[in-house]
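Among the features that TrEMBL reports, transmembrane segment is placed at B:20-41, B:53-71, B:102-125, B:132-152, B:179-198, B:219-237, B:243-260, B:290-310, B:322-343, B:350-369.
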Amino acid sequence: MNALLEMQGISKHFAGVKALSDVTFAVRPGEIHALVGENGAGKSTLMKVLSGVYPHGSYDGAIVFDGEERRFSDINASESLGIIIIHQELALVPLLSIAENIFIANPPGRFGIIDRGAVHRRTRELLAKVGLDESPDTLVTNIGVGKQQLVEIAKALSKKVRLLILDEPTASLSEKDSAALLDLLLEFKAQGIASILISHKLNEVSKVADRITVLRDGRTVDTLDCHDGAVEEDRIISKMVDRDLEHRYPKRQPTIGEPIFKVSNWSAYHPLHSDRQVIKNVDFEVRRGEIVGIAGLMGAGRTEFAMSIFGRAWGQKITGRAEMEGRPVDLSTVRRAIDAGLAYVTEDRKQLGLLLAEDIRKNVTLANLPAIAPGRIIDDMKELRVASDYRGRMHIRCHSVFQETGKLSGGNQQKVVLSKWLFTDPKVLILDEPTRGIDVGAKYEIYCIINELADAGKGVVVISSEMPELLGICDRICVMNEGAFVGEFAGTEASQEKIMRAIMRKGEQRPMEALA
Amino acid sequence: MSDTALNDKPRHAGFLKNNLREYGMLISLFAIMIFFEVVTNGTLMRPLNLTNLVLQNSYIVIMALGMLLVIVTGHIDLSVGSVAGFIGAVAAVLMVKFDVHYIPATLICLALGGLIGAAQGYWVAYFKIPSFIVTLAGMLVFKGLALAILAGQSVGPFPPTFQKLSSGFIPELVPDAGTLYPTSLAVGALLALALVWLNFRGRARQEAHHVETEPYGFFVAKNVALFGIITYFAYLIASHRGMPNVLVIMTALIALYAFVTTRTTIGRQIYAVGGNEKAAKLSGIKTERLTFLTFVNMGVLAALAGLVFAARLNTATPKAGLGFELDVIAACFIGGASAYGGVGRVGGAVIGALIMGVMNNGMSILGIGIDYQQVIKGLVLLGAVCLDVYNQRRA
């Protein structure tokens, strides 16, 4: 079969560092080709070479598209051939409507005057194609991330698409939205549009991909054909990391003690809509040495629950009772929650967790400055000692603790955030999506840290959208849906099916609740 | 632990490159001073002119200290010029019309400044109204109020003791020393010695903990230069009329703010708020209160600057303070503060203010009109910030 795209012997250097070396990559017409690899393996760089972000001449090798060698000078050049890339961070303007976003670059019209009728009509057609039932006039900010992703794809379809590149399209989507998106890719495939899918979620990859190319350290390791029989996830992983991960989750022998932290009858309302109860009279407890998972779909209220506990950082009209080691505690401000022994590692470490422009040292000590500043004057040598200590303990890979955290990889950034919270010496840690956007190797290290914390007698709560992760590391899994717990399983008994069933069952009951 | 710390040991190569930013400002200041010293045929560095330079810029430097903190938290204060003018007017009315003693009058004025800062900070910190808007309103309000309480007239003169705030000099302990003021010289030399001692102590501490230090030769040369330059300036100042009171106040404030910003928890927290407010909040930092306090602090410093300026003119005029905010903000940005918050140093803001001051003074001596002076200052501001952005991109 003739290839639609062939990238031959692509090499790319950045200031002496080889990001890609002699990468070969080919996409056949109408296939879904998955590109997998650890963070830093070169996936994004390769796609930037392909889309012309790195223009011809800044790399070695050749790009052949449609049987001709192409030399893209910028992104417009590749787009005009129908190579469209959708980035991980969505490029939509929140306060413009769906229609305005789709036609933001070249709206139909004459002499610079926009033909609103045509915009509307064509937007409706495109939304129908991606299966999104929204008015073209809806502001992008008012629809969820899953729908925004569809708008982004509709925007791509407004141009003539031959090859669609999706960079981690499902990273922030719920299982349901992810499934819908993947179905859409299959539909495009039926229409003859080829896709390149970059993803960390191997279950999705193996579900839709025709072929899988694995990159490691800037080289093509292998291209697996999914039609030669099912490709096992573990086989992909072992190719990605160049070592057999016999277990993706470290083994641990739990020793679970008495309840350490408990909330009862906890409720919280939406910060903007004071009549919308988001957390509905919830009871929850963690035991010493226990790892409790909270499963649920995006929007189930898990993050909201955690943040409302952590110093009322989310929501209003928060009521309920909290006990730490049997004694009632005041969690009304973040400071008090920290002093009570709580720590909350946010799901979004860049926006909510780190001072990206500051060094590792200052980030590590931020939540517990008094410990390095007797009399409010910072003992800089003590601070340095603390930071170096955590750097060693957490295996933070950096050239010194004076390195900016913004320049670290995702996994190392997460370790800095964890260090910050460990330095507050918490009794209970709530980890919200602790491995999001982190490569497989770093994930394993984070799991080991979580295990160590539990073994040290702390209570650990893990919120995650990746069910295999929860099943792999948790002693107990609570299932949340629409602001309430709808199921609870011992780690050994739980399965993805049981969790999904708990969520769905709750959904079916809803009309009856409304009647009662 | 010692293993990891050892990895932080010296890598001298690239040291200068990494620290060019820090010394670049200082080098620019000296380059500008030498330039004007040459083109004004030595007028710039004459003791009389140097004393004037200090007096002329003291209120800008004082306000720049407060503005730096405001900018670091990610805000701006456009009202400082009007507030300074308003406080000067209040001081004049209190002391001249109502014969209030200068000490209570000064205290009332500083407290009033704090109150004004609190009023503005309240809206910014707790109501999340953009500081640009709040302080733009404040700029109009206090400009108007100054005009109102002065009834459009200039009010003066101030009591002679109050004038000493700006035009006074520290007392000379050595009688009949001729044209030189030995006490002022000694104070300057002691200050220089103290700074050198602090540097050496800091280096010893760092070495004891195996922290990367600058090359020894460079360190010694830096300290020799520091000592020499400060002592030389003290000598120049001492050969006119001695050390102005306001220079003492200014130096003390600079030292205080440098210490607070770099070595205290409150300083660290202010930078955290500017760097990532949400992350700071989730780390238990009371972000609203800190923002509020930076505005209170700015109000007090604007009031002090207003008093210094009024004392220098010996009269309060409705036009006092006009446009000061622009010089103050420019000083911070020339000094490397980031408009996005989280970045900026006290030393940078002071150097920025001095660069502006030296250019004002030098161009005036050269007889360049006020028109082109502004054009040149504007271009320097733009150039300095562009250079900064360029350097950061490259890094």
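The backbone N, Cα and C atoms fix where each Cβ goes, and this holds for glycine too.
Those TrEMBL annotations? Automatic predictions, nothing curated.
If you look at the transmembrane segment (B:53-71) against the transmembrane segment (B:132-152), you find fewer than three C-beta pairs under 8 angstroms, all six or more positions apart, and that falls short of contact. Taking pairs at least six residues apart, the transmembrane segment (B:350-369) and the transmembrane segment (B:20-41) share three or more Cβ pairs below 8 Å and count as touching. Among the listed stretches B:20-41, B:243-260, B:290-310, the one sharing the most Cβ pairs under 8 Å with the transmembrane segment (B:102-125) is B:290-310. Within its own chain, the transmembrane segment (B:290-310) has Cβ neighbours under 8 Å at 58-60, 62-63, 65-67, 69-70, 72-73, 75, 77, 79-80, 83-89, 91-92, 106, 109-110, 112-118, 120-122, 124-126, 131, 158, 165-166, 246, 249, 253, 266, 269-270, 273, 316, 320-321, 324, counting only residues six or more beyond its boundaries.
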